[in-house]
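Notes follow the structure.
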Amino acid sequence: MKGGGKSQALLGSPLIFLQFSSFYMDAKCATFFTKKQRGENIMPTYVCSYNAVELTQQQKSEIATRITDIHHEVTGANAFFVQVIFHEIAKGNLYVSGSPPGSGQAWLHGHIRAGRNAEVKERLVLELMAAVSEVTQIKQEDVWVYVSELAPRNMAEYGALLPLPGDEKVWFEQLPADVQRRLSDH
């Protein structure tokens, strides 16, 4: 068996990849959050890439809503910060164990800013796994989730490197005025 064991069962599976990136947002935007939430808020971007499965507009909308709701509930971040982008991978551009996938498998890969506690990350992973399984009808045991943490200075958004923990206010105040207004309007 090529690749051996369980990898053979993956062939022929539709795949969904969710990548999420996030950073803490407090700064001048602290008025958006309760005192309890400050220091735990992030601005995430979720990229949902998929192959060998067709997602309807309704499914995409439901996935985006569920991701937004879960992220808001688990992290305390305001829902208006959550972005979800869908990207379909063309047939023949994705391989698992050296072969194109078929049906019944999903992967969620998240890139988040380092510093979250294990409980928050575990809850986020488990709730996202359950939601994607429910919306796509892929069995939960076939939805795999990975979370990778990145140092804040290894990411840039809004034209600036992301701040180190505790430096959010200074970072926000150094953003261009139009970006500050756009973020404050939410």
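Note that Cβ sites are derived from N, Cα and C of the backbone, with glycine treated the same way.
Just so you know, TrEMBL annotations never went through curation; they're auto-generated.
What TrEMBL records for this protein:
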DOMAIN    43-173  domain 'Tautomerase cis-CaaD-like'
Next item on the list: Please spell out the DSSP helix, strand and coil residue counts for the domain 'Tautomerase cis-CaaD-like' (43-173).
Entry: 53 helix, 36 strand, 42 coil
Notebook entry, point to check: What average pLDDT is reported by the model for the domain 'Tautomerase cis-CaaD-like' (43-173)?
Noted result: 80
